[in-house]
Amino acid sequence: MSKKPHSIKVPTQYRATAKILKAALEQQKCIKTLIFAEKHARTRSLHTVLKKFSENRVALEKAIEETGLLRDNPSFDPSLAKILVTELLFGRKELNGESKPVQTVRSYKDRLLNSIRDFGVQRKEPNPRYVRINTNLYSLAEALDYLHKSDWRRKELPADASYADFLTAIKSLAENEFMTDLHVEGVLIFPAKWSNYWVRHPLVHSKRFILQNKATCLAAELLAPPSGATVLDMCAAPGMKTVHICNVMQNKGCIYSVEQDHVRYNTLCEITKDAGCDIVKPILGDALNLTPERFPDVEYILVDPSCSGSGMQNRMTVCDEPKEDKRLQKLQGLQIKILSHAMGAFPNVKRIAYCTCSLWKEENEQVVQRCLQLNPSFKLLSCKKALRNKWHNVGDKDYPNIGKNVLYCQPDSDLTDGIFLALFEKRREGEKD
């Protein structure tokens, strides 16, 4: 005799996901931290369903309310209901098992679909998948040859193509097409639908291909240390930008990569080793304690400090994230300290790139403004000019001589993560504005 629905347990995966969602909503805890703390479920599956909920939360909650799912079933755990509805409408489109909650949600399927349809859910098209060639292990020619033999077709633009032409071409990539980036050599662009394909690809696992958003590649591109230079990466973990700098330098010279957290330091060591970075010297320590005596020959510095992360497109949020002025003030203070230390502590430094994955001016233009006031021996270079003027988004014009020279990557218009970049150069003796 078959079991009654009340006696059939909800699958562990659904219960674990609902537990995480409940903690995130009620305690405003970080979803990713909660996922990695969950020991009894498949983390990839948890991540997928919660991301779908994050992307469609307004429509899902409206559908649940309009159909009376929770009102008609008062004993139904709201978090579990949200997870099951997410899976049914936006995930695998089916539910496992015959438990009472699963059967209940299935019985509401048509009503839920009608509500979603009436709501007119308009999903934002995901940005493309960026894949960077790690030239320590694999050349551009080898990568292009591999793609050609794998039946990928390269979409090419004329030499005089504008940035607008480039963005239009990305949006119209056919399923089997890819492009090379307009700004960063070795960055390949694929349609968004292939994101998971590359996550599992052997070339990625062997570190010959690196999954790195184009926006974060601009830091090494703008810093542009030559082969043989001495570079300091002050806040280096997990190490993707360090590897890219190593590629720019053709694996010749020296890169000091600094990280103060033990776990992140170990990740930095592992990534740079696996990526074939012969010139990287990982250092466990605080960037603010770095001295010119220990690093006398530093010429180029990357400053990529802790920030709010407000520009990151892969963040999962299940509650509104208001601008937290107190937190931004603390972050700004730390950012000013680190960037100012980079400017003042190393006598042979020529160029500094400052980068955040934030879209808040408190962490960007205001930090640049204060550090230039504290360190008049430095000047701003134009990031837009460094990209041959093939860029649209610059800083706030309310910051004279700063806004026009700094650069923003905006998710909607640049099809990347949200990133801010500023480029500083040491003045020659006697040089003035």
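Note: Cβ is positioned from N, Cα and C throughout, glycine not excepted.
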Can you tell which of Asp278, Asp286 Swiss-Prot lists as binding S-adenosyl-L-methionine with Cys235, Ala236, Ala237, Pro238, Gly239, Met240, Lys241, Glu259, Asp304? Asp286
Rounded to the nearest Å - Cα separation of Cys357 (active site, nucleophile) and Lys241 (S-adenosyl-L-methionine binding site): 13
Residues that sit under 8 angstroms from Lys241 (S-adenosyl-L-methionine binding site) by C-beta distance, when 6+ apart in the chain: Thr216, Ala219, Ala220, Asp233, Leu302, Asp304, Cys355
